[in-house]
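For reference, the structure is listed below as structure tokens.
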């Protein structure tokens, strides 16, 4: 074992200099080989995280700014239509990617986020292109219905524990009921998509409560425990 | 369809998920150095055996709307070669992982635990059990001596209030594990909330509830110490303490990737005990006084009137017998202002000892804990959503950090059951830290001080070592490479 004469202590491991004071250590090992350290050398892992963080923040900033920028263009700027659509598409893609990365460990939660983000964005898009209610008429019901079907497939394909998806499945189904509200308020042009979506959601609610009622109540009691 | 058993993480343990950060993942490590290179295969078998006996360790942490809760899981632990830094993060939101890990490197076995699951004592039981199971397999010829020798060493009772390892460290793990299964009521309800009738779930669920039932009171970061001591016994200490005194805090350069900077000083325990005895104080307070002195010597900003404060955990099991492996400790804060009389470490230690003794009594602790439990049971506090609770708790935690210079934790003298006792040398104890900290543990006549800090600077440890070597103690240092220079040649 080597010694640091400045600190007057023995230093274990293959250090050349004292980890405390930095002075050169004395006394070689008998075999000439340095004694291995009781701690492994763990390489730095930080740069990757820093890059990821910077990228995420920059992307979020750009996305937020581009949403604001869209509001500045007049509704009637005809020539901008195509450009705007392409640009919003790019922004939407990034938003979904960022959400998918941050929620990658909880698929059911990601689906809820996806429905909320995509629904919100289509409403916004609709608003930018002189509100014709296409988002509420078609986009939101289709999105909700598709997400419910998607969720059912996901649960079938991936071995998920009921507890892991039941709350977010519930939320998805509740979102699926919102088109009915839009319908009753008369905000939609064509009733069919909302009706289909609502019916599907109701069916799933009934299914969930009859087949998994106990589990749902148990999970809700757990999460809402006071 | 498996319905998972779950139990709420009590308010006191909630501080750990809330106070967790990149710098301080609230993970602690207990380690043991064996007399041979560890056999990973046998260690895995031993881990599986111990894991069976500690249903609490099956738990994963989940987030509810109002509280965190521990939920039973089917996950199986695996021993791994150590490839991460000391006290690397364990709990990550949305990631359902076990809240502990067992790693090995050369002759060392280390158990790392997320603090919300267990405290040092509970983890020591698990490690003891693990080491016994391992050495039984590695040295099948050596029959266990029945743990009789372990029972003789019970420093706690007479030496109070030095955070006596009491039965804790000296308690053979296997025995502790069995006791845990006998427990019918959790210590928390038993001591501080009055008796309540409990449901009787079945088999594994039953084990899980028992072990996972909140036994806790981490007073640590939960309350301002000024408020925590309203009784008359404290009148003089309060009036003698000027209000709003600035506490000296250590500052430094963060480690490059937020890893905990871990350094370890090992020394024979006897000379250090003799030094403490010569000053007429308990070892923990002696070591704490040395820590203050080391920081004063290395930190220019620690001027003459500087006040230094340390938090010292007290194992509640010594006052309120409990075999719960969950958190069951309170922390006591001691402080010293330099430049007001004798500042020699011995004198400082005596004064710290006095303050500590006054607070580390069953009566004082009980008053304080009842109070905390009342706060926890307060209806308004219960309906606050968890993210808001997290925010509030992390603010309280930050405020509390501002009133501390260092933290100290002493697990005391550990005696393992045979045959582990014969094959384990030094033991190690480290806690991830937002401020300089040391953790002490003694085994086989060797005292090991695990210094941790979020900073690259090591001057305070150097001074600490020099104070000890200056007093004639033989010290050896083991360090994990931490800074960019130290890791220059290491490939990722």
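In case you wondered, yes, glycine gets a Cβ from its N, Cα and C as well.
Keep in mind the model is a prediction, meaning the values are calculated, not measured.
If you look up TrEMBL, you'll see A:54-73 (among others) marked as transmembrane segment. Counting only same-chain residues 6+ beyond the ends of the transmembrane segment (A:54-73), those with a CB under 8 A from a CB of the stretch are 80, 84, 87-88, 91, 94-95, 98, 101, 124, 128.
Within the same chain, residues 56, 59-60, 62-63, 66-67, 70, 73, 110, 113-114, 117-118, 121, 125, 128-129 sit at least 6 positions outside the transmembrane segment (A:79-100) and bring their C-beta atoms closer than 8 Å to a C-beta of that stretch. The transmembrane segment annotation in TrEMBL covers A:79-100 (among others).
Residues annotated as transmembrane segment in TrEMBL: A:107-125 (among others).
Under 8 Å from some Cβ of the transmembrane segment (A:131-153) lie the Cβ atoms of residues 108, 111, 114-115, 118-119, 122-123, 125, 165, 169, 172-173, 175-176, 178-179, 182, 187-190, 193-194, 196-198, 200-201, 204, all in the same chain and six or more residues away from its ends. Summarising the annotation, TrEMBL assigns transmembrane segment to A:131-153 (among others).
Listed by sequence, the residues of this chain that lie at least six past the ends of the transmembrane segment (A:165-185) yet keep a Cβ under 8 A from its Cβ atoms are 106-109, 111-112, 115-116, 119, 136, 140-141, 144-145, 147-148, 151, 154-155, 191, 193-195, 197-198, 200-202, 204-205, 208, 212, 215-216, 219-220, 223. The transmembrane segment feature in TrEMBL is assigned to A:165-185 (among others).
For A:191-211 (among others), the entry in TrEMBL reads transmembrane segment.
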